[in-house]
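See structure below.
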């Protein structure tokens with residue numbers, strides 16, 4: 001039996017795709033994308049700045065929020081070059097190793113965001129169920145260890161998934177269907193058996209975002225039980241209000257992620273632009289919306305932003 005030619009030993013160039021059928025309007029489409037990226041980068045940078053510079057925000061809740069903003073910045077930067085390169089300059093080519101690197105960092109920051117959201121759910125549970133011991137349970141050293149564990153977890157889970165793509169051969173089309181390198185998208189172009197890759201990819205998804213989502217739900221079940229045991233309606237309302245921002249962050253992360261997974265597995269008959277729009281929303285909505293959610297729903301962040309703005313205006 002003749003062996004399939006393994007072309008991964010020679011340089012491979014993939015072609016990324018913008019919005020299928022709207023190539024003539026890519027320049028115009030680039031305008032809202034530029035605005036979204038500017039919003040994501042400036043909003044998350046501002047969150048990090050005010051948390052770093054305001055001692056009143058040096059608490060566990062805001063340390064976790066700074067982790068969330070860091071992952072959102074990483075997620076935005078991971079796709080910025082290829083996304084705007086396509087829409088602004090029609091630069092569609094990406095090398096195989098560059099594609100794998102981008103894929104790894106996109107997945108890493110996605111897994112890190114899921115992990116941070118789980119840590120934030122635990123933070124809210126401790127704050128509501130055991131407020132007197134909150135500061136002693138979530139010390140700065142423990143939060144630092146949680147941050148290191150989040151990075152190590154993502155790296156260890158995702159490295160085999162990306163490394164296994166090196167064994168694949170790509171014999172025909174090299175045209176990807178997104179504006180960035182997406183794991184299932186790259187596998188579909190292979191002319192060799194990808195069952196191991198699919199199994200490893202699915203395992204990585206289940207053991208990260210899948211497990212995290214289950215524990216987030218369990219955390220909120222415990223939070224609800226604790227809050228309902230509080231006698232005062234005013235205290236119940238106050239306790240629930242501390243979770244609103246986190247609920248919004250969970251929604252804007254998991255809804256696009258679940259939608260993208262369903263479209264890839266069950267939406268094969270959907271128009272190509274549907275896949276593209278959901279794939280872009282999956283990466284852009286959380287970094288854009290999280291700073292807005294926390295700025296609108298958290299008084300301390302609003303006050304810190306206004307204080308920082310007033311301080312900068314006074315200096316000038």
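Backbone N, Cα and C define each Cβ position, glycine as well.
The following features are taken from TrEMBL:
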- 43-294: domain 'G-protein coupled receptors family 1 profile' (DOMAIN)
- 29-52: transmembrane segment (TRANSMEM)
- 73-92: transmembrane segment (TRANSMEM)
- 104-122: transmembrane segment (TRANSMEM)
- 143-165: transmembrane segment (TRANSMEM)
- 199-223: transmembrane segment (TRANSMEM)
- 244-267: transmembrane segment (TRANSMEM)
- 273-293: transmembrane segment (TRANSMEM)
Under 8 Å between C-beta atoms and at least six residues away from its ends: which parts of the chain pack against the transmembrane segment (244-267)?
68, 110, 113-114, 117, 120-121, 124, 184, 205, 209, 213, 216, 274-275, 278-279, 281-282, 285-286, 289-290, 293-294, 297-298
Same-chain residues at least 6 beyond the ends of the transmembrane segment (29-52) whose Cβ lies under 8 Å from its Cβ atoms:
18-19, 22, 58, 62-63, 65-66, 69-70, 72-73, 76-77, 80, 83-84, 87-88, 280, 284, 287-288, 290-292, 294-295, 301, 304-305, 307-308
Have the transmembrane segment (73-92) and the transmembrane segment (273-293) got at least three CB pairs under 8 Å, pairs 6 or more apart in sequence?
yes
At a Cβ cut-off of 8 Å, and with pairs 6 or more apart in sequence only, do we get at least 3 pairs between the transmembrane segment (199-223) and the transmembrane segment (104-122), yes or no?
yes
So what's the average pLDDT for the domain 'G-protein coupled receptors family 1 profile' (43-294)?
90
